[in-house]
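Lifted from TrEMBL, the feature list:
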- 60-78: transmembrane segment (TRANSMEM)
- 98-116: transmembrane segment (TRANSMEM)
- 123-144: transmembrane segment (TRANSMEM)
- 150-174: transmembrane segment (TRANSMEM)
- 186-205: transmembrane segment (TRANSMEM)
- 217-237: transmembrane segment (TRANSMEM)
- 258-278: transmembrane segment (TRANSMEM)
- 298-317: transmembrane segment (TRANSMEM)
- 324-344: transmembrane segment (TRANSMEM)
- 350-370: transmembrane segment (TRANSMEM)
- 382-403: transmembrane segment (TRANSMEM)
- 415-436: transmembrane segment (TRANSMEM)
Amino acid sequence: MAEKTPQIDASNTETMFKPINTLRREPTRSEMQDLEIIASAGASFRPGDIPPPPDGGIEAWTQVAMGWIVIFATWGYVNSFGSFQAHYTSTLPQSPFQISWIGSIQVWFTFFGSAFSGRLLDAGFWIPTFLVGAGLQLIGIFMMSLSTSYWHLMITQGVVTGIGGGIIFAPSLALVATYFEKRRGIAIGLVTTGNSLGGTVYPLVVRALLPSIGMPWTARVLGFINLAGFILVAIFMRPRLPPRQTGPIIDWSAFKDTLYVSYVGGLFFFVWSVYYTFYYLASFGQQEVGMSFADSSLITTIINGVGLPTRVLIPVLADRIGPLNTIAPAALCVAVVAYTWVAVHDVAGVYVFSIFYGIASGAFQSLMPTGVASITKRLDTIGTRMGMCFSLVSFAGLSGPPIGGLLQDKSLTGAHIWAALSSTLCAVLLVLARVLKVGWKVNTRC
């Protein structure tokens, strides 16, 4: 007797196959990035398991606020060294060239440490990384208050605070970047305003307190300011993405990426000149045009503070036309202003130069991390590639101020021309990076 063939109720066909139809939809770009992250961690996944970047909301903007505090306490503090340079030049027996090494070492460690700390963020170790870095920076500042010689300051202000800042600054930027996609430029731009405001506030504190309470307690006040901010960061700043357990500290494939190499090369030449300018402009005003210590310290405040509006407005423009389309013209503006330093011979000229240079350099600096994120294809490698970028740039921060100081001992004009040429090379390499990404098309966002 023949078996009956099972019958399928046609009315149930849609219900039976509905889950399959649902799963076969094309995942979005953000979902595909998140799938790569889960796959690299060895987890099972489905499209939609990890939501795309929120691009807003309380949690995301809280990370922006916490990232701002980190940059305020790290790069804001680093950028205020011009005030210390002017003070040390008048109180220590060492030459300005030797004193500039304190700031250069600090910049180098702050940049270089990010190569390792960026990968720690990707691996899921944000909290221990932050606690170690913040702790070291605070130890360096409070030990700086006990320093009585050049070498004491080199170790405390240069080495220890630099290492601490380097451990925490790149992961904080990369962490914020993972919360945003369409608004990433403005989010990172707002975070980097901490650089300008910190570089404005710290010199004002030094200028106000140093003559009245002395160097030891001035340094302690700076330490307590940072401590208060770090407590908030430890409580509220949290990574969004799951850890990527595999992968090297250094992404060697980046060095085969000519776009990445060109971009990092451009940043190198910018940093090479910008910290020479930031560190020496105050002492230039004091020694070359006869400004007092209080007035020359105000120059450090101005050059940092005037960049605050551009750090907010320029990233908004970058979100519309693209980071590379924005940072290359900003580099050209920095170079043009840098060439005018050779014409500065009086107090008014110092003030005018500091204003225009601060505006141009502030615009550029606000786009540095956003540019790295824009040329990084995988979201889960942003921390690693951003850390690599800043660690390579660290050697520019290490050598730039001393080279500029050595050159100006022989020819002040020669040092200023060197800084301007360095900024010009930066602009050329960033234009090259833009061409490598989208070609010579004018109306293309990149």
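Backbone N, Cα and C atoms are what each Cβ position is placed from, and that goes for glycine too.
Here the structure is a predicted model, which means the values were calculated and not measured.
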The transmembrane segment (98-116) and the transmembrane segment (298-317) contact flag, 3+ Cβ pairs under 8 angstroms: no
For the transmembrane segment (186-205), sequence-distant contacts whose Cβ falls under 8 Å of one of its Cβ atoms, 6 or more beyond its ends: 60, 64, 67-73, 75-77, 79-80, 82-83, 172-173, 176-177, 179-180, 218, 221-222, 225, 297-298, 300-301, 303-305, 307-308, 311-312, 314-316, 318-319, 358, 362, 365-370, 373
Candidate ranges 123-144, 217-237, 258-278, 298-317, 382-403 - greatest C-beta contact count to the transmembrane segment (60-78) (under 8 angstroms): 217-237
Other parts of the chain folded back onto the transmembrane segment (217-237), taken as Cβ under 8 Å at six or more residues beyond its ends: 62-63, 65-67, 69-70, 72-73, 77, 126-127, 130-131, 134, 137-138, 141-142, 144-145, 172, 175, 202, 205-206, 209-210
In contact by Cβ distance (the transmembrane segment (382-403), the transmembrane segment (298-317); 3 or more pairs under 8 Å): no
Residues from the same chain, set at least six apart from the ends of the transmembrane segment (258-278), whose C-beta lies under 8 A from its own: 79, 81-82, 103-104, 107, 111, 300, 303-304, 324, 331, 334, 338, 341, 357, 361, 364-365, 368, 371-372, 375, 385, 388-389, 392-393, 395-397, 399-401, 403-405, 415, 418-420, 422-423, 425-430, 432-433, 436-437
Chain residues outside the transmembrane segment (382-403) and at least six past its termini with a C-beta under 8 angstroms from it: 97, 100-101, 103-105, 107-122, 166, 169-171, 173-175, 177-178, 247, 249-251, 254, 260, 263-264, 267-276, 279-280, 369, 372-373, 376, 418, 422
Long-range neighbours of the transmembrane segment (324-344), counting only residues six or more past its ends (CB under 8 A): 263, 266, 270, 273-274, 277, 289, 314, 317-318, 350, 352-353, 356-357, 360-361, 363-364, 367-368, 371, 374-375, 413, 416-417, 419-420, 423-424, 426-427, 430-431, 433-434, 437, 445-446
